[in-house]
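Novice: Below is one structure. I have some questions about it.
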Ligand SMILES: NC(=O)C1=CN([C@@H]2O[C@H](COP(=O)(O)OP(=O)(O)OC[C@H]3O[C@@H](n4cnc5c(N)ncnc54)[C@H](OP(=O)(O)O)[C@@H]3O)[C@@H](O)[C@H]2O)C=CC1
Ligand SMILES: O=C(O)C1=N[C@H](C(=O)O)C[C@H](O)C1
């Protein structure tokens, strides 16, 4: 498979190494300094694009792919206010767009566990729930996309939480996401229910970026013959 990498930073490099080990070719690597080269690529010479860039670049990269017939797998976080526009464009152009806030299989199991725990906890108002996410100091966005997914799934079940906020303190109706930036941490997420007498915690700790990158390559292999707006739920089925 011929893969175009949009964003060749920490994730782009890890994806390159996994993709090559699975027999794929990297036909292009686009970073901030060579975005003009993007016009060289179309659905004729790139079977799929894998997009891990930065919040202010994702929309234009994904739009280019959809308009030029390249199926695109994106994991960039911090740009999601524009995702509905991309989804509409994908439908209009009969394109292929896959987005996940986290491509790791472990995190996607953790998402399911989070949904189940929220379902169990919904009638126990003596507990307060909050989220902590820890990432490396180079991360550009806060809260993490993964923490937002966790928060949105909790708010669907827990009536006393009305919205998430990215602050260490808030009212009971606010689901706190506390974002910490430390050293080279690849990504740690904790959901904690606390009462006066006990705490219940679930936690996912990534040991490296390999889980995210392998998930993105597996999805890229899977989507090349598919159309539409696709998610991890479609892939994992
Ligand atoms: N969904 C998931 O599973 C995961 C998502 N992520 C997300 O992926 C994104 C990238 O993470 P990471 O690799 O750690 O970040 P890095 O900062 O290491 O890499 C981002 C790269 O994007 C490049 N870039 C900047 N502008 C453009 C542009 N217009 N087009 C293409 N590339 C561009 C940067 O280039 P330059 O250096 O020249 O500025 C840089 O090389 C983040 O949003 C992060 O949150 C990360 C891990 C997992
Ligand atoms: O920026 C990162 O590094 C990561 N970003 C994603 C996020 O914002 O959730 C996924 C992972 O936690 C690593």
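A Cβ is built for glycine as well, from the same backbone N, Cα and C atoms used for every other residue.
Residues or ranges marked as active site, proton donor/acceptor by TrEMBL: 135. As annotated by TrEMBL, NAD(+) binding site applies to 75, 76, 77, 100, 101, 102, 103. According to TrEMBL, the (S)-2,3,4,5-tetrahydrodipicolinate binding site annotation covers 136, 145, 146. Feature annotation from TrEMBL assigns domain 'Dihydrodipicolinate reductase N-terminal' to 1-103. Taken from TrEMBL, the feature domain 'Dihydrodipicolinate reductase C-terminal' applies to 106-236.
Help me picture these features in the structure, burial and contacts included.
Specialist: According to its DSSP assignment, residue 135 (active site, proton donor/acceptor) is in a strand.
Listed in sequence order, 55, 101, 141, 144, 145, 146 are the same-chain residues six or more apart from residue 77 (NAD(+) binding site) with CB atoms under 8 A from its CB.
Classification of residue 145 ((S)-2,3,4,5-tetrahydrodipicolinate binding site) by DSSP places it within a helix.
Mean pLDDT for the domain 'Dihydrodipicolinate reductase C-terminal' (106-236) in this predicted model: 97.
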Novice: Between the Cα atoms of residue 75 (NAD(+) binding site) and residue 135 (active site, proton donor/acceptor), find the distance and write it as a whole number of Å.
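Specialist: About 16 Å separate the Cα atoms of these two residues.
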Novice: If the (S)-2,3,4,5-tetrahydrodipicolinate site is taken as the center of the Cβ atoms of 136, 145, 146, which further residues of that chain fall within 8 Å of it by their Cβ?
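Specialist: Everything else in range on the chain: 77, 101, 102, 133, 135, 139, 141, 144, 147, 187.
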Novice: Can you go through the binding-site residues 76, 102, 146 and pick out those with a C-beta less than 6 angstroms from ligand 1?
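Specialist: From 76, 102, 146, counting a Cβ under 6 Å from ligand 1 as near, the near ones are 76, 102.
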